[in-house]
Structure formats: C-alpha cells, structure tokens
Amino acid sequence: MSAEDKRKTLLAIFHETKDVFVLKDVEKIGAKRGVVLQSIKDVLQTLVDDDLVHMEKIGSSNYFWSFPSEAAVKLQVEITKLETQLEERSQEAKSLGAQLESKKVGNTDTVQEERSCLVRRLAELDEKLAASSAELRQYAASDPERYEALKQATPVAIDSANRWIDNLHALHDWLRKKFQGMDTQVTNLDNWPEMAQVSTGVTTSSFAGSGPAADQDDRTIAGLHIPGSSTLYTLLSLLQLVAGIAALIAPYRLTDIFFKHHIIAPDLLYEELWRLLAGVLFAGAATAYALKVTSDRQLLAEPLTQRLQLGFVWFALVALVLHLVYLLFIKTLTWWGLLLGAAVVAPTLLLPVVHLSLSGGFGLAATIHGFRTGLGNLVHPRSFSVAGFLYTLLTVAFTVVGFLIVILPKRTLDWTYGYHAGKNPSFLWQWVGAAFFFLFSAITYTLTERSVVGRLHTTVPKVLNVGLLVASLFFILDFGTLIFNSPIAGRWLLPVLFGHWVLVLLASILGLSASPPATAYEYEPLLGEGQV
C-alpha cells in the first residue's frame, strides 16, 4: 500500500464514522483496513500537517477528528479563489494583447526604414575601414614606433652577437691548449659555415639591411623546438610534486590502497619508505622543471637534455615493470595501486620517449656512454673541482647501490633497516632503487659535465641541485634517525647510505654556491627573446 493510499484510508475512517478518536483507536481501525500498524502514527501526522485532520490535546491524550462537511467547505473556498485568479489573469492578458496591437500599428514601416539606414551606414563604414587599413599597411615600413624599437634593439643585438663570437674564439683557444698536437683539426673548425659567418665579428653596418626575417631563426639556441613541450614538462613537474606530497602526508593510506595484504598495526617501515619515495618524487619534479627550462631555450636536442630524459625514461620504465610484476606475479599490488602508480609513472615515461624520438637521442648507448665517461673522469679528470669530484663519485655510488637495491631488495632492506617485513616494502624499496640507478645517476653525471665546463652557475644545474638538496634532506632524516636512535649491528649498509647522502647534500650546496668563472660570458637574451 502506497503512502497516498494510507492517507486516503485513514481519512476515510474519520469521514465515515464522523467520530473523535485517540491514537490507539486509529491504529486499531487502520490496521484492520490494511495499513501497517507501525506507519499509522507517521501517516496520521502528515494528515494533521496538511490540515486535513484536527488534533487537540486534552489532558494527557491527543484527540483526532475530521468531518466531511469541513473538507467540502475548504475545497469550495479554494475553487472560488482559483476562479477569481483565473478571471484576473484573463483580463490582464486581454489588456496586454490590446496594448501590443496598438503599438504595432504605425511602427512597422518606421522600424524597417531605420534598420535599412543603419545597414547602409555599416557598409559605408566597413569600406572606409578597409581603405584606411590598406593605406596604413603601405606606410608600415616607416612606422616611427617600429623604427624606434629597432633602433633600441640593435645595440643590444650587436653586443650579444659579439659576446658569443668572443666565446667561440675562447673555445677555439681552449681546444688548442687542451688538444696539443691537433692544431690542424682545431684550425679546420674555421671551415664550418657557421664559424666562417661570425669569424670577423659583427658591426653596426651588418644590421643596416635587416628585415623582419632576420630575427626569426637567430633566437634558436640549439634549433629543436617542440610545440607544447614546455607546458607538458611544467605539468609533469607539478604531477611529481603532488605525488611526493601525497607520499609524505598519507603513507599508511597509500599502503592500504597499494597493497592487498594489509597490516594489522602500522609498521614504521612503510612510513620511512614512502618518505624516501617522496624525496625521489621531489627530485623528479626538479628534473622535470629543468627539462622545462631546456625546452624554453630550445635545447631539446642537446646531450644535457637527452641525458636527463634517458634517466627519466629508464627510471619510469623499471618502476612500471615493478608495478606489473607485483600485480600479476607476486600478487601483492592492487589494481588501484597500479592505476595510481601508472598515473605518475606513465607521463614520466611517455613524454621523454616522444621527445627523445624526435631529437634522435633515444637509446641505451647514451646511458652506457655516460656511465663509462663518468668512470673515466673519476680516474683521469680533465679538470678538478671538489663539486665535480663529488658528482662523479656520487654517479658511480648511485649506480652501484641502485643496482643492489633493485636485484636484492630484501637483503638490502635487512642491511639497512634490520628487517624487510615481507614483499610489500620490497616493492617500495625497489622503486627507490630504480631512482638511484637511473634518475639520480643521470642528475649527478649531468652536474659532473656542467662542473667540468664551469657552468654550475647556470639555471639548469641550479634547479638540479635544488632537487638533490631536497631529496638529501629526506634521506638524511630517515637514515640519521635510525643511526642515532638504534644500534647498527648487522646493518652495515645504513651508515654507507647515510654518508652517501651527506655527500649529496654537500655537493648540492657547493653546486648552488657556484659562481661564474672570471673569464666566462653569460648569455643575455635579445630584446625580443624575453627572459628564459
């Protein structure tokens, strides 16, 4: 029986009996007519609220009544009221219709004529505008504002061009001193078309005949520009940053989401590993921002950029393989864990892969070459500096430690924390190990190369050093707490990792405090380039 049927049944009891009842009587009669006993009180209350049944409290009892004549009177009053409103609205509609007809009479021709005049006027103004625009374009070459802007930009462009010519000659002299006995090969560099064009310097007369086409390609530093790459790397940096914050503030919630076998009591190991992963993601955010800077400067085809992209690619690829292995074979990862992990890992993998494919820098050979060159620089450095030596040493250490963590997760957890707590922490630990092996080694090797050429003071190395600095604080906090609050017997890897990250902190501070060499020229953008 529906609610409306219940209302009609109870109301019919009052109208048929024309009597006064208490609640118990209504419940008894209503139950006999098929109304559920427990709902009678609520249905009766709705009738009282709608003023269909009257209620009066007399003494300790509530009395209910409703007479059919009273309902008929109410209906009649309502009908009369609605009929009156209908008549008023009808009269109003007739009045408005009459006013509308009176307004239409005599105005149609006037409105049409006024509209035609406005259309003709609009056409005349459009013709005048087109003629004025054509005439203005004829005199655009003699625009005083454009001429003044070119006049102001010319000295800046000449100064910047001559500065880079000086840099090329300084490089030429350095090559002669560094590679003695190879003067012929170094001298042959002058035969390059680019060198021949700038070998005599730039003067004011060189710009006398420059036109709009002269400043289009001169702003390209390395020549490869991929539309939208700067925005995509900015979004990737924000994604890594948000993921790192989530790992930092909600480690146990992420543990419940990622893994099938939940722990009864929170294990501190999960919090520590998520904190380390947060440090990795913050370093990844800094690396993505560094790639954004290289994209702004059109350096996507440079070895520096490709090296960082390869670090991202192999780190993300190993992380993605770990997700699939722990989901399909080890069966401890949940589908939600795979989706959340892929939301961070997949963009980290796909974006650099696409750009490496377009720039021709994708491949394992570049990673192997970078590792060999790092070892060679450690044994026979081309130039020595404390920061450069630390970066080279850290590149080798990151590679070795990361490899051990990836292939021996439980054993290295025992050597670090004293226990491994099953397969779930091994997944997080291997994720961190993949960052050691690929991401951090790519960062430190890039900084090694920048240190050798005296460019640690530039923007990209500064951003990378900020990422290392932030990550080192997370790892030093985690490992330092273990060292100073518990014995390290049997955990020989713990002091090694702690010392390693102390060196990372020291190297990043040295890198951030680096200043330009006294003989170095810093590039200043042209007037039209903006600040990058």
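The first residue you see is number 1, and the count goes up from there.
Each residue, glycine too, has its Cβ placed from N, Cα and C.
Just so you know, TrEMBL annotations are computer predictions that nobody has curated.
Annotated coiled coil per TrEMBL: 72-142, in sequence order.
The domain 'Mnd1 HTH' feature in TrEMBL is assigned to 10-68. The domain 'Mnd1 HTH' (10-68) scores a mean pLDDT of 84 in the predicted structure.
The annotation domain 'Leucine zipper with capping helix' is assigned in TrEMBL to 145-185.
For 232-253 (among others), the entry in TrEMBL reads transmembrane segment.
As annotated by TrEMBL, transmembrane segment applies to 273-291 (among others).
According to TrEMBL, the transmembrane segment annotation covers 312-329 (among others). Listed by sequence, the residues of this chain that lie at least six past the ends of the transmembrane segment (312-329) yet keep a Cβ under 8 A from its Cβ atoms are 284, 287-288, 291, 335, 337-338, 341-342, 345-346, 348-349, 351-353, 356, 362, 367, 406, 423, 427, 430-431, 434-435, 437-439, 442.
Taken from TrEMBL, the feature transmembrane segment covers 335-368 (among others).
Taken from TrEMBL, the feature transmembrane segment applies to 389-408 (among others).
What TrEMBL records for 428-447 (among others) is transmembrane segment. Residues 270, 273-274, 276-277, 280, 283-284, 287, 304, 307-308, 310-312, 314-315, 318-319, 322, 367, 370-371, 373-374, 387, 391-392, 394-395, 398-399, 401-406, 409, 412-413, 420, 456, 460-461, 464-465, 467-468, 471, 507, 511 of the same chain lie 6+ residues outside the transmembrane segment (428-447) yet bring a C-beta within less than 8 angstroms of a C-beta in it.
Under 8 Å from some Cβ of the transmembrane segment (468-486) lie the Cβ atoms of residues 272, 275-276, 278-280, 282-283, 286, 416-418, 440, 443-444, 447, 494-495, 497-498, 501-502, 504-505, 507-509, 511-512, all in the same chain and six or more residues away from its ends. According to TrEMBL, the feature transmembrane segment maps to 468-486 (among others).
Residues or ranges marked as transmembrane segment by TrEMBL: 492-512 (among others).
Long-range contacts of the transmembrane segment (232-253) within the same chain, counting only residues at least 6 positions beyond its ends with a Cβ under 8 Å from a Cβ of the stretch, are 266, 270-271, 273-275, 277-282, 284-286, 288-289, 291-292, 295, 343-344, 347-348, 351. Cβ atoms under 8 Å from those of the transmembrane segment (273-291) belong to residues 233-234, 236-238, 240-241, 243-245, 247-248, 251, 254-255, 305, 308-309, 311-312, 315, 344, 348, 352, 425, 428-429, 431-432, 435, 439-440, 443, 460, 463-464, 466-468, 470-475, 477-478 of the same chain, restricted to positions at least 6 beyond its ends. DSSP assignment over the domain 'Mnd1 HTH' (10-68) gives 32 helix, 12 strand, 15 coil.
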